[in-house]
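Engineer: My structure is below; once you've seen it, I'll send some questions.
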Amino acid sequence: MAIQPIRIFGDPVLRMTAQPVTTFDKELRNLVRDLTETMKDAPGSGLAAPQIGVSLRVFTYHVDGELGHLVNPSLDLTDEQQEGEEGCLSLPGLSFDTRRAFGVVAKGFNMHGDPVTIEGTELLARCIQHETDHLDGIVFVDRLDREQRKAAMKAIREADWAGEQAPRVRVSPHSTFGGAF
């Protein structure tokens, strides 16, 4: 188990649809441990496998003292919406107001293949949606309205990490409002 480099916006793996996990073995358990260690080190509220260069449908989260992971998630979202500042470890130091469902019921599996259901609202719901988006090749700036996305893309182009090769980049902790997932 080890802390892994976090892939930065622009890395192609962040735009790929991650593959479902089909084997629940030691390799998967090591991946979950690496994700957890890397997320805590960053520090972040969540981390998806593609963010460390692994195109599998797995993410970890640490929100309001609740630490966990989910493999092959499927989501049921509430109709009620929330808007709040959201950041991402793959876009270090940047955050933007993002609209998400207020609540979520996420179903999937733990690293041993046992069925898991996670129910969350507010920040936990936001985190689960954000991480599941990563598994579908979606980055949170894709969820912004046209004006916000334009501002976000300008900020990304001007960021000191823009254009870096992901494997050589270590994410340093930047303070953000809301959560950096």
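Glycine too: its Cβ is placed from the backbone N, Cα and C atoms.
Annotation source TrEMBL lists Fe cation binding site at C88, H130, H134. Positions annotated as active site by TrEMBL: E131.
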Engineer: Return only the integer: C-alpha distance in Å from C88 (Fe cation binding site) to E131 (active site).
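Structural biologist: Here the two Cα atoms are 10 Å apart.
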Engineer: Check the DSSP secondary structure of C88 (Fe cation binding site), expressed as helix, strand or coil.
Structural biologist: strand
Engineer: Taking the Cβ of C88 (Fe cation binding site) as centre, how many other Cβ atoms lie within 10 Å?
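Structural biologist: Result for C88 (Fe cation binding site): 30 other Cβ atoms within 10 Å.
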Engineer: Applying a 10 Å Cβ distance cut-off over all chains shown, what neighbour count does H130 (Fe cation binding site) have?
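Structural biologist: Step by step: centre on the Cβ of H130 (Fe cation binding site), count other Cβ atoms within 10 Å, giving 26.
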